[in-house]
Amino acid sequence: MSDILAEAVKGAAAHPRPEGINFTYGTAGFRDKSTILDPVLYRMGLLAALRSKAKKATVAAMITASHNPEPDNGVKLVDPMGEMLEAAWEKHATDLANAKDEDIGSALQRIIDALDIDISLPSDVFVARDTRPSGPPLTQALLDGLKVMGSTFTDFGILTTPQLHYLVRCHNSRGAYGETTEEGYYKKLAQAFLKLREDAGTKKKYQPVVIIDGANGVGALKTRKLQPHLNDSLKITVCNDGSSGKLNEKCGADFVKVQQKPPPGMEIQPGQRCVSFDGDADRVVFFYLNKDGVFNLLDGDKISTLIAGYLGELVSASGLQLNIGVVQTAYANGSSTRYLEDVMKVPVSCAKTGVKHLHHKALEFDVGVYFEANGHGTVLFSDQAEQKIKVASQDDSLDSGKREAATRLTLMMDLINQTVGDAISDFLVVETILSTRDWAADDWNMQYKDLPSRLLKIKVKDRTAVQTTDAERCATAPAGLQEAINKLVAKYQQGRSFVRPSGTEDVVRVFAEADTQAIADMLAHEVSVQVYQLAGGVGEQPQPPSTS
(Lines of atoms letter the chains of each structure in order from A and count residues from 1; the text may use other names and numbers.)
(Lines give C-alpha, C1' and ligand atoms only; values in the text may rest on other atoms or scores of the structure.)
Protein backbone atom coordinates (compact mmCIF):
# COMPACT_ATOMS: atom_id res chain seq x y z
CA MET A 1 0.00 0.00 0.00
CA SER A 2 1.35 3.45 -0.94
CA ASP A 3 2.15 6.05 1.71
CA ILE A 4 -0.85 8.17 0.63
CA LEU A 5 -3.27 5.29 1.06
CA ALA A 6 -1.76 4.43 4.44
CA GLU A 7 -2.31 8.06 5.48
CA ALA A 8 -5.92 7.81 4.27
CA VAL A 9 -6.48 4.87 6.63
CA LYS A 10 -4.80 6.72 9.49
CA GLY A 11 -6.90 9.84 8.84
CA ALA A 12 -10.12 7.82 9.12
CA ALA A 13 -9.53 7.54 12.87
CA ALA A 14 -10.73 11.13 13.24
CA HIS A 15 -13.82 10.33 11.12
CA PRO A 16 -14.98 6.88 12.27
CA ARG A 17 -17.77 5.20 10.36
CA PRO A 18 -20.85 4.28 12.45
CA GLU A 19 -21.81 0.62 12.60
CA GLY A 20 -25.01 -0.67 11.04
CA ILE A 21 -25.59 2.19 8.57
CA ASN A 22 -25.35 1.84 4.80
CA PHE A 23 -24.99 4.84 2.52
CA THR A 24 -25.99 5.03 -1.16
CA TYR A 25 -24.78 7.59 -3.72
CA GLY A 26 -27.74 8.42 -5.96
CA THR A 27 -28.63 11.15 -8.45
CA ALA A 28 -28.51 13.70 -5.61
CA GLY A 29 -25.29 12.27 -4.16
CA PHE A 30 -25.38 11.26 -0.50
CA ARG A 31 -28.18 12.64 1.69
CA ASP A 32 -28.94 11.81 5.30
CA LYS A 33 -29.10 13.23 8.81
CA SER A 34 -26.12 15.56 9.13
CA THR A 35 -25.08 13.96 12.42
CA ILE A 36 -23.96 10.72 10.70
CA LEU A 37 -22.32 12.18 7.58
CA ASP A 38 -18.86 13.14 8.90
CA PRO A 39 -17.15 9.88 7.75
CA VAL A 40 -18.90 10.10 4.37
CA LEU A 41 -17.54 13.62 3.79
CA TYR A 42 -14.01 12.52 4.71
CA ARG A 43 -14.20 9.66 2.22
CA MET A 44 -15.66 11.89 -0.50
CA GLY A 45 -12.64 14.14 -0.04
CA LEU A 46 -10.49 11.10 -0.82
CA LEU A 47 -12.65 10.17 -3.82
CA ALA A 48 -12.82 13.72 -5.21
CA ALA A 49 -9.02 13.81 -5.30
CA LEU A 50 -8.97 10.46 -7.14
CA ARG A 51 -11.60 11.69 -9.61
CA SER A 52 -9.49 14.78 -10.32
CA LYS A 53 -6.41 12.62 -10.94
CA ALA A 54 -8.42 10.30 -13.22
CA LYS A 55 -9.83 13.21 -15.28
CA LYS A 56 -6.60 15.27 -15.15
CA ALA A 57 -8.82 18.27 -14.37
CA THR A 58 -10.40 20.17 -11.51
CA VAL A 59 -13.58 18.64 -10.08
CA ALA A 60 -15.90 19.92 -7.34
CA ALA A 61 -17.74 18.82 -4.21
CA MET A 62 -21.00 20.48 -3.14
CA ILE A 63 -22.21 20.06 0.45
CA THR A 64 -25.99 20.37 0.41
CA ALA A 65 -29.25 18.48 0.92
CA SER A 66 -31.18 20.76 -1.46
CA HIS A 67 -34.90 20.81 -0.56
CA ASN A 68 -34.53 18.46 2.44
CA PRO A 69 -35.20 19.74 6.00
CA GLU A 70 -32.47 21.75 7.72
CA PRO A 71 -31.19 18.90 9.98
CA ASP A 72 -30.25 16.89 6.86
CA ASN A 73 -27.18 17.40 4.73
CA GLY A 74 -25.35 15.69 1.92
CA VAL A 75 -22.57 15.84 -0.64
CA LYS A 76 -22.34 15.39 -4.38
CA LEU A 77 -19.35 15.48 -6.70
CA VAL A 78 -19.23 17.57 -9.86
CA ASP A 79 -17.32 16.60 -13.00
CA PRO A 80 -14.97 18.95 -14.94
CA MET A 81 -17.53 20.52 -17.31
CA GLY A 82 -20.03 21.09 -14.51
CA GLU A 83 -21.85 17.81 -15.13
CA MET A 84 -23.03 15.49 -12.39
CA LEU A 85 -20.60 12.74 -11.43
CA GLU A 86 -20.27 10.04 -14.10
CA ALA A 87 -22.76 7.25 -13.29
CA ALA A 88 -20.06 4.55 -13.20
CA TRP A 89 -18.39 6.37 -10.27
CA GLU A 90 -21.56 6.30 -8.15
CA LYS A 91 -20.73 2.69 -7.22
CA HIS A 92 -17.17 3.67 -6.27
CA ALA A 93 -18.61 6.40 -4.01
CA THR A 94 -21.05 3.96 -2.40
CA ASP A 95 -18.39 1.26 -1.87
CA LEU A 96 -15.93 3.73 -0.34
CA ALA A 97 -18.56 5.25 1.96
CA ASN A 98 -19.47 1.79 3.27
CA ALA A 99 -15.94 0.41 3.65
CA LYS A 100 -14.72 -0.25 7.20
CA ASP A 101 -12.24 2.34 8.45
CA GLU A 102 -9.33 -0.11 8.25
CA ASP A 103 -10.35 -1.11 4.69
CA ILE A 104 -10.28 2.40 3.18
CA GLY A 105 -6.81 1.89 1.70
CA SER A 106 -7.77 -1.32 -0.09
CA ALA A 107 -11.06 0.22 -1.29
CA LEU A 108 -9.12 3.12 -2.82
CA GLN A 109 -6.59 0.70 -4.31
CA ARG A 110 -9.37 -1.23 -6.06
CA ILE A 111 -10.60 1.98 -7.72
CA ILE A 112 -7.03 2.91 -8.72
CA ASP A 113 -6.38 -0.54 -10.21
CA ALA A 114 -9.74 -0.80 -11.99
CA LEU A 115 -9.32 2.57 -13.71
CA ASP A 116 -5.52 2.60 -13.99
CA ILE A 117 -5.24 5.95 -12.16
CA ASP A 118 -1.79 7.45 -11.77
CA ILE A 119 -1.83 8.39 -8.08
CA SER A 120 1.27 10.58 -8.51
CA LEU A 121 -0.68 13.05 -10.69
CA PRO A 122 -1.81 16.34 -9.10
CA SER A 123 -5.43 16.86 -8.10
CA ASP A 124 -7.52 19.99 -7.58
CA VAL A 125 -11.01 20.31 -6.11
CA PHE A 126 -13.46 23.21 -5.76
CA VAL A 127 -15.62 23.06 -2.60
CA ALA A 128 -18.79 24.91 -1.56
CA ARG A 129 -21.77 24.48 0.76
CA ASP A 130 -25.27 25.78 1.34
CA THR A 131 -26.40 27.66 4.47
CA ARG A 132 -27.07 24.69 6.79
CA PRO A 133 -25.49 24.99 10.28
CA SER A 134 -23.91 21.55 9.78
CA GLY A 135 -22.05 22.79 6.70
CA PRO A 136 -18.78 24.07 8.26
CA PRO A 137 -17.84 20.91 10.21
CA LEU A 138 -18.79 18.69 7.28
CA THR A 139 -16.69 20.89 4.99
CA GLN A 140 -13.75 20.36 7.33
CA ALA A 141 -14.18 16.57 7.12
CA LEU A 142 -14.10 16.80 3.31
CA LEU A 143 -11.01 19.02 3.39
CA ASP A 144 -9.31 16.52 5.70
CA GLY A 145 -9.77 13.89 3.02
CA LEU A 146 -8.38 16.18 0.33
CA LYS A 147 -5.35 17.07 2.44
CA VAL A 148 -4.52 13.41 3.07
CA MET A 149 -4.46 12.88 -0.71
CA GLY A 150 -2.18 15.88 -1.18
CA SER A 151 -4.81 17.66 -3.25
CA THR A 152 -4.99 21.39 -3.80
CA PHE A 153 -8.42 22.90 -3.26
CA THR A 154 -10.40 26.14 -3.27
CA ASP A 155 -13.09 26.55 -0.61
CA PHE A 156 -15.66 29.02 -1.97
CA GLY A 157 -17.71 28.98 1.23
CA ILE A 158 -21.45 29.47 0.69
CA LEU A 159 -22.66 29.16 -2.92
CA THR A 160 -25.75 27.89 -4.70
CA THR A 161 -25.24 24.43 -6.18
CA PRO A 162 -25.50 25.77 -9.77
CA GLN A 163 -22.86 28.42 -9.04
CA LEU A 164 -20.34 25.73 -8.12
CA HIS A 165 -21.17 23.74 -11.27
CA TYR A 166 -20.71 26.96 -13.26
CA LEU A 167 -17.36 27.81 -11.66
CA VAL A 168 -15.78 24.41 -12.29
CA ARG A 169 -16.79 24.63 -15.97
CA CYS A 170 -15.38 28.14 -16.28
CA HIS A 171 -12.10 26.98 -14.77
CA ASN A 172 -11.68 23.88 -16.92
CA SER A 173 -12.69 25.74 -20.10
CA ARG A 174 -9.90 28.22 -19.28
CA GLY A 175 -12.37 31.09 -19.12
CA ALA A 176 -14.19 30.28 -22.37
CA TYR A 177 -17.43 29.72 -20.45
CA GLY A 178 -16.91 32.69 -18.14
CA GLU A 179 -14.86 34.15 -15.33
CA THR A 180 -14.09 31.71 -12.49
CA THR A 181 -15.48 33.93 -9.73
CA GLU A 182 -18.83 34.39 -8.06
CA GLU A 183 -18.81 38.01 -9.23
CA GLY A 184 -18.17 36.81 -12.78
CA TYR A 185 -21.31 34.66 -12.57
CA TYR A 186 -23.46 37.69 -11.70
CA LYS A 187 -21.84 39.84 -14.40
CA LYS A 188 -22.38 37.27 -17.16
CA LEU A 189 -26.05 36.73 -16.32
CA ALA A 190 -26.81 40.42 -15.76
CA GLN A 191 -25.10 41.64 -18.93
CA ALA A 192 -27.07 39.18 -21.07
CA PHE A 193 -30.31 39.98 -19.23
CA LEU A 194 -29.92 43.74 -19.66
CA LYS A 195 -29.02 43.49 -23.36
CA LEU A 196 -32.06 41.30 -24.00
CA ARG A 197 -34.26 43.97 -22.40
CA GLU A 198 -32.89 46.87 -24.47
CA ASP A 199 -35.44 48.57 -26.76
CA ALA A 200 -38.17 46.64 -24.98
CA GLY A 201 -40.75 49.36 -25.60
CA THR A 202 -43.79 50.16 -23.46
CA LYS A 203 -45.45 47.23 -21.75
CA LYS A 204 -49.19 46.98 -21.19
CA LYS A 205 -49.35 43.73 -19.24
CA TYR A 206 -45.86 42.75 -18.12
CA GLN A 207 -44.75 44.42 -14.91
CA PRO A 208 -41.04 44.21 -13.93
CA VAL A 209 -41.96 43.45 -10.31
CA VAL A 210 -41.54 40.09 -8.62
CA ILE A 211 -41.56 38.52 -5.13
CA ILE A 212 -39.02 35.76 -4.49
CA ASP A 213 -39.46 33.11 -1.82
CA GLY A 214 -35.84 32.23 -1.02
CA ALA A 215 -36.67 29.10 1.04
CA ASN A 216 -34.64 30.66 3.90
CA GLY A 217 -31.61 29.45 1.96
CA VAL A 218 -28.64 30.40 -0.16
CA GLY A 219 -30.78 31.52 -3.12
CA ALA A 220 -32.01 34.50 -1.11
CA LEU A 221 -28.44 35.59 -0.27
CA LYS A 222 -27.23 35.27 -3.85
CA THR A 223 -30.27 37.05 -5.32
CA ARG A 224 -29.40 40.03 -3.14
CA LYS A 225 -25.85 39.95 -4.54
CA LEU A 226 -27.23 39.83 -8.09
CA GLN A 227 -29.64 42.76 -7.67
CA PRO A 228 -27.11 45.63 -7.99
CA HIS A 229 -26.00 44.21 -11.35
CA LEU A 230 -29.55 44.45 -12.75
CA ASN A 231 -29.61 48.28 -12.62
CA ASP A 232 -33.18 48.48 -11.28
CA SER A 233 -34.49 46.78 -14.43
CA LEU A 234 -36.41 44.40 -12.18
CA LYS A 235 -37.91 45.26 -8.81
CA ILE A 236 -37.27 42.19 -6.62
CA THR A 237 -38.60 41.68 -3.10
CA VAL A 238 -36.99 38.73 -1.31
CA CYS A 239 -38.93 37.04 1.46
CA ASN A 240 -38.01 33.91 3.44
CA ASP A 241 -34.48 35.27 3.23
CA GLY A 242 -33.03 33.34 6.16
CA SER A 243 -33.24 36.20 8.66
CA SER A 244 -35.92 34.19 10.49
CA GLY A 245 -37.43 30.78 9.93
CA LYS A 246 -35.74 27.50 9.03
CA LEU A 247 -34.43 26.32 5.69
CA ASN A 248 -37.21 24.78 3.53
CA GLU A 249 -39.70 24.84 6.44
CA LYS A 250 -43.12 25.83 5.07
CA CYS A 251 -41.42 27.62 2.20
CA GLY A 252 -39.46 26.95 -0.97
CA ALA A 253 -40.23 25.37 -4.35
CA ASP A 254 -41.02 21.90 -3.00
CA PHE A 255 -43.47 23.25 -0.38
CA VAL A 256 -45.26 25.44 -2.93
CA LYS A 257 -45.58 22.66 -5.51
CA VAL A 258 -46.70 19.94 -3.09
CA GLN A 259 -49.02 22.12 -0.98
CA GLN A 260 -50.35 24.13 -3.95
CA LYS A 261 -50.34 27.34 -1.94
CA PRO A 262 -48.00 30.25 -1.14
CA PRO A 263 -45.72 30.07 1.90
CA PRO A 264 -47.40 31.45 5.05
CA GLY A 265 -46.83 35.15 5.59
CA MET A 266 -46.31 36.13 1.94
CA GLU A 267 -48.50 39.12 1.17
CA ILE A 268 -49.52 38.77 -2.48
CA GLN A 269 -51.80 40.92 -4.59
CA PRO A 270 -53.89 39.26 -7.34
CA GLY A 271 -51.83 38.95 -10.52
CA GLN A 272 -48.55 39.50 -8.66
CA ARG A 273 -45.82 37.22 -10.05
CA CYS A 274 -44.09 35.16 -7.38
CA VAL A 275 -41.10 32.82 -7.56
CA SER A 276 -39.97 30.04 -5.21
CA PHE A 277 -36.43 28.65 -5.09
CA ASP A 278 -35.46 25.51 -3.23
CA GLY A 279 -32.79 25.24 -0.51
CA ASP A 280 -29.74 25.20 -2.79
CA ALA A 281 -31.35 27.19 -5.64
CA ASP A 282 -31.32 24.56 -8.37
CA ARG A 283 -35.14 24.42 -8.63
CA VAL A 284 -37.60 27.18 -9.40
CA VAL A 285 -41.37 27.42 -9.74
CA PHE A 286 -43.58 30.47 -10.35
CA PHE A 287 -47.04 31.11 -8.92
CA TYR A 288 -49.70 33.81 -8.60
CA LEU A 289 -53.22 34.44 -7.35
CA ASN A 290 -55.80 35.22 -10.04
CA LYS A 291 -58.37 38.00 -9.75
CA ASP A 292 -60.55 35.72 -7.61
CA GLY A 293 -57.67 34.95 -5.24
CA VAL A 294 -57.25 31.38 -6.56
CA PHE A 295 -53.70 29.96 -6.39
CA ASN A 296 -52.10 29.08 -9.75
CA LEU A 297 -48.80 27.19 -10.06
CA LEU A 298 -46.45 27.61 -13.02
CA ASP A 299 -44.18 24.59 -12.63
CA GLY A 300 -41.36 23.01 -14.63
CA ASP A 301 -43.75 21.90 -17.39
CA LYS A 302 -44.98 25.48 -17.84
CA ILE A 303 -41.41 26.80 -17.78
CA SER A 304 -40.19 24.31 -20.40
CA THR A 305 -43.04 25.09 -22.80
CA LEU A 306 -42.44 28.83 -22.41
CA ILE A 307 -38.69 28.52 -23.06
CA ALA A 308 -39.01 26.00 -25.89
CA GLY A 309 -41.60 28.15 -27.65
CA TYR A 310 -39.46 31.26 -27.49
CA LEU A 311 -36.22 29.57 -28.52
CA GLY A 312 -38.07 27.81 -31.34
CA GLU A 313 -39.27 31.17 -32.66
CA LEU A 314 -35.73 32.60 -32.54
CA VAL A 315 -34.26 29.57 -34.33
CA SER A 316 -36.94 29.86 -37.04
CA ALA A 317 -36.42 33.62 -37.41
CA SER A 318 -32.64 33.14 -37.68
CA GLY A 319 -33.01 30.76 -40.59
CA LEU A 320 -30.64 28.30 -38.93
CA GLN A 321 -31.23 24.58 -39.42
CA LEU A 322 -31.24 23.44 -35.80
CA ASN A 323 -33.41 20.75 -34.24
CA ILE A 324 -34.97 21.85 -30.98
CA GLY A 325 -36.66 19.42 -28.60
CA VAL A 326 -38.08 19.10 -25.10
CA VAL A 327 -37.29 16.28 -22.67
CA GLN A 328 -39.83 15.39 -20.00
CA THR A 329 -40.44 12.53 -17.57
CA ALA A 330 -43.59 10.42 -17.37
CA TYR A 331 -44.74 12.76 -14.56
CA ALA A 332 -45.05 15.70 -16.97
CA ASN A 333 -48.65 16.84 -17.33
CA GLY A 334 -50.23 15.33 -20.44
CA SER A 335 -51.59 18.73 -21.49
CA SER A 336 -48.05 20.13 -21.69
CA THR A 337 -46.94 17.25 -23.90
CA ARG A 338 -49.91 17.69 -26.26
CA TYR A 339 -49.40 21.47 -26.37
CA LEU A 340 -45.73 21.06 -27.31
CA GLU A 341 -46.35 18.41 -29.97
CA ASP A 342 -49.70 19.51 -31.45
CA VAL A 343 -49.65 23.31 -31.12
CA MET A 344 -45.97 24.28 -31.02
CA LYS A 345 -44.84 21.38 -33.25
CA VAL A 346 -41.86 20.76 -30.96
CA PRO A 347 -40.75 17.12 -30.60
CA VAL A 348 -40.92 15.70 -27.07
CA SER A 349 -38.77 12.88 -25.69
CA CYS A 350 -39.47 11.07 -22.44
CA ALA A 351 -36.65 10.08 -20.08
CA LYS A 352 -36.54 8.13 -16.83
CA THR A 353 -37.10 10.10 -13.63
CA GLY A 354 -33.92 11.83 -12.46
CA VAL A 355 -32.14 14.91 -13.76
CA LYS A 356 -29.13 12.95 -15.04
CA HIS A 357 -31.42 10.99 -17.39
CA LEU A 358 -33.07 14.15 -18.76
CA HIS A 359 -29.71 15.87 -19.20
CA HIS A 360 -28.32 12.91 -21.17
CA LYS A 361 -31.41 12.77 -23.42
CA ALA A 362 -31.30 16.52 -24.08
CA LEU A 363 -27.82 16.12 -25.57
CA GLU A 364 -29.48 14.39 -28.56
CA PHE A 365 -30.86 17.74 -29.79
CA ASP A 366 -29.06 20.80 -31.16
CA VAL A 367 -31.12 22.74 -28.61
CA GLY A 368 -32.45 20.51 -25.82
CA VAL A 369 -34.84 21.93 -23.21
CA TYR A 370 -35.37 19.76 -20.15
CA PHE A 371 -37.31 20.33 -16.95
CA GLU A 372 -38.80 18.10 -14.33
CA ALA A 373 -42.21 19.20 -13.10
CA ASN A 374 -40.56 20.15 -9.77
CA GLY A 375 -38.80 23.05 -11.52
CA HIS A 376 -35.31 21.56 -11.99
CA GLY A 377 -34.06 22.03 -15.53
CA THR A 378 -32.10 24.00 -18.09
CA VAL A 379 -31.31 24.22 -21.82
CA LEU A 380 -28.37 22.56 -23.59
CA PHE A 381 -26.88 23.84 -26.85
CA SER A 382 -24.67 21.47 -28.83
CA ASP A 383 -21.18 22.69 -29.77
CA GLN A 384 -22.27 22.77 -33.41
CA ALA A 385 -25.38 24.81 -32.56
CA GLU A 386 -23.36 27.31 -30.52
CA GLN A 387 -20.92 27.77 -33.39
CA LYS A 388 -23.67 28.26 -35.98
CA ILE A 389 -25.50 30.77 -33.78
CA LYS A 390 -22.37 32.83 -33.05
CA VAL A 391 -21.32 32.91 -36.71
CA ALA A 392 -24.82 33.97 -37.82
CA SER A 393 -24.94 36.78 -35.22
CA GLN A 394 -21.85 38.34 -36.85
CA ASP A 395 -22.71 37.61 -40.51
CA ASP A 396 -23.30 40.95 -42.24
CA SER A 397 -24.57 39.17 -45.36
CA LEU A 398 -27.71 38.06 -43.47
CA ASP A 399 -30.72 40.36 -43.36
CA SER A 400 -31.16 42.29 -40.11
CA GLY A 401 -34.05 40.10 -38.90
CA LYS A 402 -32.04 36.89 -39.11
CA ARG A 403 -28.97 38.48 -37.56
CA GLU A 404 -31.02 40.00 -34.72
CA ALA A 405 -32.60 36.59 -33.96
CA ALA A 406 -29.13 34.96 -33.91
CA THR A 407 -27.86 37.74 -31.63
CA ARG A 408 -30.73 37.14 -29.19
CA LEU A 409 -29.95 33.41 -29.26
CA THR A 410 -26.32 34.21 -28.39
CA LEU A 411 -27.46 36.30 -25.44
CA MET A 412 -29.86 33.56 -24.32
CA MET A 413 -26.94 31.11 -24.31
CA ASP A 414 -25.11 33.48 -21.95
CA LEU A 415 -28.17 33.86 -19.72
CA ILE A 416 -28.74 30.10 -19.43
CA ASN A 417 -26.55 28.04 -17.09
CA GLN A 418 -26.07 24.96 -19.24
CA THR A 419 -24.27 22.94 -16.55
CA VAL A 420 -27.32 22.16 -14.40
CA GLY A 421 -30.73 23.48 -13.34
CA ASP A 422 -30.23 26.97 -11.89
CA ALA A 423 -33.09 28.80 -10.14
CA ILE A 424 -31.54 32.26 -10.56
CA SER A 425 -30.65 31.79 -14.24
CA ASP A 426 -34.00 30.14 -15.07
CA PHE A 427 -35.86 32.92 -13.27
CA LEU A 428 -34.10 35.55 -15.41
CA VAL A 429 -34.79 33.56 -18.60
CA VAL A 430 -38.51 33.43 -17.81
CA GLU A 431 -38.62 37.15 -16.98
CA THR A 432 -36.88 37.91 -20.30
CA ILE A 433 -39.47 35.95 -22.29
CA LEU A 434 -42.47 37.35 -20.41
CA SER A 435 -41.15 40.87 -20.98
CA THR A 436 -40.55 40.23 -24.68
CA ARG A 437 -44.05 38.81 -25.12
CA ASP A 438 -45.61 41.47 -22.83
CA TRP A 439 -47.34 38.75 -20.85
CA ALA A 440 -48.75 38.79 -17.35
CA ALA A 441 -48.74 35.52 -15.38
CA ASP A 442 -52.31 34.81 -16.52
CA ASP A 443 -51.31 35.05 -20.21
CA TRP A 444 -48.54 32.52 -19.66
CA ASN A 445 -50.78 30.18 -17.70
CA MET A 446 -53.52 30.25 -20.34
CA GLN A 447 -51.33 28.64 -23.02
CA TYR A 448 -52.71 25.28 -21.90
CA LYS A 449 -54.73 23.95 -18.98
CA ASP A 450 -53.17 21.26 -16.79
CA LEU A 451 -55.04 17.97 -16.50
CA PRO A 452 -55.93 17.01 -12.89
CA SER A 453 -53.67 14.30 -11.50
CA ARG A 454 -53.07 12.19 -8.41
CA LEU A 455 -49.90 10.57 -7.07
CA LEU A 456 -50.16 7.72 -4.54
CA LYS A 457 -47.68 5.43 -2.77
CA ILE A 458 -48.38 1.74 -2.17
CA LYS A 459 -46.29 -0.22 0.32
CA VAL A 460 -45.04 -3.55 -1.04
CA LYS A 461 -42.96 -6.42 0.30
CA ASP A 462 -40.29 -5.97 -2.37
CA ARG A 463 -40.20 -2.99 -4.73
CA THR A 464 -38.08 -4.92 -7.28
CA ALA A 465 -41.19 -6.99 -8.06
CA VAL A 466 -42.22 -4.07 -10.27
CA GLN A 467 -40.10 -3.59 -13.39
CA THR A 468 -40.65 -0.93 -16.07
CA THR A 469 -39.58 0.03 -19.57
CA ASP A 470 -40.25 2.88 -22.05
CA ALA A 471 -38.94 5.56 -19.67
CA GLU A 472 -40.95 4.04 -16.80
CA ARG A 473 -44.26 4.38 -18.65
CA CYS A 474 -44.87 0.64 -19.11
CA ALA A 475 -44.69 -2.11 -16.46
CA THR A 476 -43.04 -5.34 -17.60
CA ALA A 477 -43.46 -7.12 -14.25
CA PRO A 478 -45.35 -8.48 -12.45
CA ALA A 479 -47.27 -10.36 -15.13
CA GLY A 480 -50.67 -8.89 -15.89
CA LEU A 481 -50.12 -5.50 -14.23
CA GLN A 482 -49.72 -3.44 -17.41
CA GLU A 483 -52.70 -5.16 -19.05
CA ALA A 484 -54.80 -4.28 -16.00
CA ILE A 485 -53.62 -0.64 -16.12
CA ASN A 486 -54.45 -0.43 -19.85
CA LYS A 487 -58.03 -1.65 -19.24
CA LEU A 488 -58.57 0.85 -16.43
CA VAL A 489 -57.14 3.78 -18.41
CA ALA A 490 -59.36 2.98 -21.40
CA LYS A 491 -62.46 3.61 -19.27
CA TYR A 492 -61.74 7.30 -18.73
CA GLN A 493 -61.61 10.47 -20.84
CA GLN A 494 -57.97 11.57 -21.30
CA GLY A 495 -56.98 8.90 -18.80
CA ARG A 496 -53.30 8.07 -18.28
CA SER A 497 -51.56 6.11 -15.55
CA PHE A 498 -48.22 4.47 -14.85
CA VAL A 499 -46.44 2.87 -11.89
CA ARG A 500 -42.77 2.88 -10.92
CA PRO A 501 -40.87 1.46 -7.95
CA SER A 502 -39.22 3.88 -5.55
CA GLY A 503 -35.45 4.00 -5.72
CA THR A 504 -35.03 4.18 -1.94
CA GLU A 505 -37.91 2.40 -0.14
CA ASP A 506 -40.25 -0.56 -0.63
CA VAL A 507 -43.10 1.42 -2.13
CA VAL A 508 -44.53 1.69 -5.64
CA ARG A 509 -45.56 5.13 -6.87
CA VAL A 510 -48.83 5.33 -8.81
CA PHE A 511 -49.51 8.31 -11.06
CA ALA A 512 -52.84 8.98 -12.76
CA GLU A 513 -54.38 11.88 -14.65
CA ALA A 514 -57.74 12.41 -16.35
CA ASP A 515 -60.12 15.18 -17.42
CA THR A 516 -61.52 15.73 -13.90
CA GLN A 517 -59.98 15.48 -10.43
CA ALA A 518 -62.58 12.95 -9.29
CA ILE A 519 -61.77 10.63 -12.19
CA ALA A 520 -58.01 11.07 -11.72
CA ASP A 521 -58.46 10.13 -8.05
CA MET A 522 -60.56 7.08 -8.95
CA LEU A 523 -58.12 5.91 -11.63
CA ALA A 524 -55.19 6.24 -9.23
CA HIS A 525 -57.10 4.20 -6.65
CA GLU A 526 -58.06 1.45 -9.09
CA VAL A 527 -54.48 1.13 -10.34
CA SER A 528 -53.26 1.09 -6.71
CA VAL A 529 -55.51 -1.90 -6.00
CA GLN A 530 -53.97 -3.75 -8.94
CA VAL A 531 -50.46 -2.96 -7.67
CA TYR A 532 -51.43 -4.15 -4.18
CA GLN A 533 -52.90 -7.40 -5.48
CA LEU A 534 -50.30 -8.24 -8.15
CA ALA A 535 -47.08 -6.81 -6.69
CA GLY A 536 -47.21 -8.01 -3.08
CA GLY A 537 -48.85 -5.16 -1.23
CA VAL A 538 -48.49 -5.03 2.55
CA GLY A 539 -50.89 -3.67 5.14
CA GLU A 540 -54.48 -2.79 4.31
CA GLN A 541 -55.69 -2.77 0.72
CA PRO A 542 -56.04 0.80 -0.65
CA GLN A 543 -59.42 2.36 0.10
CA PRO A 544 -61.52 4.26 -2.46
CA PRO A 545 -61.14 8.06 -2.42
CA SER A 546 -63.60 9.99 -0.30
CA THR A 547 -66.44 11.57 -2.30
CA SER A 548 -67.19 14.19 0.36
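Glycine is treated like the rest: Cβ placed from N, Cα and C.
Where the annotation comes from TrEMBL, it is an automatic prediction and has not been curated.
Positions annotated as active site, phosphoserine intermediate by TrEMBL: Ser66.
The number of other Cβ atoms within 10 Å of the Cβ belonging to Asp278 (Mg(2+) binding site), over all protein chains shown, comes to 35. The Mg(2+) binding site annotation in TrEMBL covers Ser66, Asp278, Asp280, Asp282.
Listed in sequence order, Gly26 are the same-chain residues at least 6 apart in sequence whose CB falls under 8 Å from the CB of Gly503 (substrate binding site). As annotated by TrEMBL, substrate binding site applies to Glu372, Ala373, Asn374, Arg500, Pro501, Ser502, Gly503, Thr504, Arg509.
Taken from TrEMBL, the feature domain 'Alpha-D-phosphohexomutase alpha/beta/alpha' applies to 53-101 (among others).
In the predicted model, residues of the domain 'Alpha-D-phosphohexomutase alpha/beta/alpha' (123-173) average a pLDDT of 98. Annotated domain 'Alpha-D-phosphohexomutase alpha/beta/alpha' per TrEMBL: 123-173 (among others), in sequence order.
Among the features that TrEMBL reports, domain 'Phosphoacetylglucosamine mutase AMG1' is placed at 180-285 (among others).
The domain 'Phosphoacetylglucosamine mutase AMG1' annotation in TrEMBL covers 299-439 (among others).
Per TrEMBL, domain 'Alpha-D-phosphohexomutase C-terminal' is recorded for 468-527.
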Same-chain residues at least 6 apart in sequence whose Cβ lies under 8 Å from Asp282 (Mg(2+) binding site): Ser66, Thr160, Thr161, Pro162, His376, Val420, Gly421, Asp422, Ala423
For Arg509 (substrate binding site), nearby residues of its own chain (Cβ under 8 Å, 6 or more apart in sequence): Leu455, Leu456, Lys457, Val499, Arg500, Pro501, Ser502
Cα-to-Cα gap, Glu372 (substrate binding site) vs Asp280 (Mg(2+) binding site), nearest whole Å: 16
For Asn374 (substrate binding site): intrachain residues, at least 6 apart, with Cβ closer than 8 Å: Ala253, Asp254, Lys257, Arg283, Val285, Asp299, Gly300
Secondary structure tally of the domain 'Alpha-D-phosphohexomutase alpha/beta/alpha' (53-101) (DSSP, helix then strand then coil): 15 helix, 13 strand, 21 coil
